[in-house]
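Annotated in TrEMBL:
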- Cys117: active site, proton donor (ACT_SITE)
- Lys22, Asn23: phosphoenolpyruvate binding site (BINDING)
- Arg93, Arg122, Pro123, Val124, Asp125, Gln126, Asp311, Ile333: UDP-N-acetyl-alpha-D-glucosamine binding site (BINDING)
- 7-412: domain 'Enolpyruvate transferase' (DOMAIN)
- Cys117: 2-(S-cysteinyl)pyruvic acid O-phosphothioketal (MOD_RES)
Amino acid sequence: MDKLLIRGGRSLQGEVLVSGAKNAALPELCAALLTAEPVTLLNVPQLQDVSTMLKLIRNMGVAAERADDGTVHINASALSTPEAPYELVKTMRASVLALGPLLARFGEATVSLPGGCAIGSRPVDQHIKGLAAMGAEIVVEHGYMIAKLPAGWKRLKGARITTDMVTVTGTENFLMAAALAEGETVLENAAQEPEISDLAEMLIAMGAKIEGHGTSRIRIQGVDKLHGCTHRVVADRIEAGTFLCAVAATGGNVLLRHGRADHLDAVIEKLREAGATVQAMDGGVRVQSAGGATLKAQGFRTTEYPGFPTDMQAQFMALNCIAQGTATVTETIFENRFMHVNELVRLGAKIQTDGKVAVIEGTPRLSGATVMATDLRASASLVIAGLVADGETVVDRIYHLDRGYDCMEAKLRGIGADIERLKA
Ligand code: UD1
């Protein structure tokens, strides 16, 4: 397994390019299943999760080609096997995003249940409930969701769907299914993440009729056919937020090219309160910071967009570890998302957890050690901690990082970090 070796203590300077968003690219690759015409996605990030999704759709009989410049051509005209097998789903929960489009276009789908994952139990009951409201008959057998239309039905039927909680991939599954359903679907309690809006824009470019994306009520008038399109994947706000935290913590002055400050309001507000300067500018966002103990620790609660993202909790915690004062962080989305805490403590951080709450007491110095990545965002938090720690930090099991960050160590090296990949 590859590792990262980081020699901490350098400030970061220069420019870094923000890639396309993982959490937009994954549903958008699935949206291409909704049409028999060719779809082109631009700005698709080079990530393990994208490779897994390409494998999943190719396994269905879909032609999908990825070029080095981030362009992906998909042609689902020959899709023959509307199935997502356990072997692929188990490595990436987002595979459940195939369910809505397959059901909408083919009237049947067999998708493995994702099972638990490191950060929580993460059930898919809401996905099933919503698609069932549109008429799908779904049984769970042998670890698979087997879905089909009732006898004599040609299409799903529009419905009013109110989920018990806000679910991002759930909202995406319903959007894709409703785009080809008969009649109107109204999604109440819909997720408002920028990736939802980006998916909605892509579907609209394919001929879908959608209103209200970006709010908690989305209306979709189903159409009987969607066509091909070319769509550019929105910039990754979590990657950008991770770099913002890294620069704020180490100190420095970096322009994140293509970064969308307007998608990071909650994080940027906390960074400013901590003492960093963050400026939205044409084509990007600039962060300047004196780093370390010039920062003040900031408490926050993770909530759905536009609140503080759970996907930024671990990275901001790394910053809090070396700031002045004490901060309370409450994780409200996932039940087990503090696995980075013990690893940060190995680097000298002072953190106490009690259930959903972590209390971080800032300390002037972290000291390098070997730590283990446990999930995607936890890995990014350990990288940030390694960048500020004295001496050498080795982050083991970085396959988690490779799932969701496009060339992270090369990008960090480009802005002055002393970081290298140790090949297994
Ligand atoms: C997406 C993101 C992930 C992010 C998360 C929360 C993608 C590919 N992944 O994950 O990076 O951390 O949103 O912002 O976009 N829940 C249920 N039943 C369901 C669905 C969800 O109980 O059927 C619960 C989950 O366990 C969790 C909460 O609802 O506690 C929110 O989960 P959800 O928004 O669905 O997360 P994902 O879409 O899986």
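Cβ coordinates are placed from backbone N, Cα and C, and glycine is handled just like the others.
Remember, TrEMBL labels are computer predictions, not curated facts.
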For Arg93 (UDP-N-acetyl-alpha-D-glucosamine binding site) and Asn23 (phosphoenolpyruvate binding site), what Cα-Cα distance in Å is obtained after rounding to a whole number? 12
Quick one: which of the binding-site residues (Lys22, Pro123, Asp311) have their CB closer than 6 Å to ligand 1? Pro123, Asp311
How far is it from Arg122 (UDP-N-acetyl-alpha-D-glucosamine binding site) to Asn23 (phosphoenolpyruvate binding site), counting Cα to Cα, in Å? 16
Determine the C-alpha span of the UDP-N-acetyl-alpha-D-glucosamine site listed in the record, that is the greatest distance between any two of Arg93, Arg122, Pro123, Val124, Asp125, Gln126, Asp311, Ile333, in Å to the nearest whole number. 22
DSSP secondary structure for Val124 (UDP-N-acetyl-alpha-D-glucosamine binding site), reduced to helix/strand/coil, please. coil
Cα-Cα, whole number of Å: Val124 (UDP-N-acetyl-alpha-D-glucosamine binding site) versus Lys22 (phosphoenolpyruvate binding site)? 20
Between Ile333 (UDP-N-acetyl-alpha-D-glucosamine binding site) and Asn23 (phosphoenolpyruvate binding site), find the distance joining the two CA atoms and give it rounded to the nearest Å. 16
Densest Cβ environment (other Cβ within 10 Å) across the binding-site residues Asn23, Gln126 belongs to Asn23
Rounded to the nearest Å, what's the C-alpha distance separating Gln126 (UDP-N-acetyl-alpha-D-glucosamine binding site) and Asn23 (phosphoenolpyruvate binding site)? Just drop the number here, would you? 19
Whole-number mean of pLDDT values that fall within the domain 'Enolpyruvate transferase' (7-412): 96
Using a 10 Å radius around each Cβ and counting other Cβ atoms from all shown chains, which of the binding-site residues Asp125, Asp311 yields the largest count? Asp311
Students should find that the Cα atoms of Asn23 (phosphoenolpyruvate binding site) and Asp311 (UDP-N-acetyl-alpha-D-glucosamine binding site) sit apart, in Å rounded to an integer, by 11
Whole-number answer please: how many Å between the C-alpha atoms of Asp311 (UDP-N-acetyl-alpha-D-glucosamine binding site) and Lys22 (phosphoenolpyruvate binding site)? 12
Near the Cβ of Arg93 (UDP-N-acetyl-alpha-D-glucosamine binding site), how many other Cβ atoms are there if near means within 10 Å? 18
Rounded to a whole number of Å, the separation of the Cα atoms of Lys22 (phosphoenolpyruvate binding site) and Pro123 (UDP-N-acetyl-alpha-D-glucosamine binding site) comes to 21
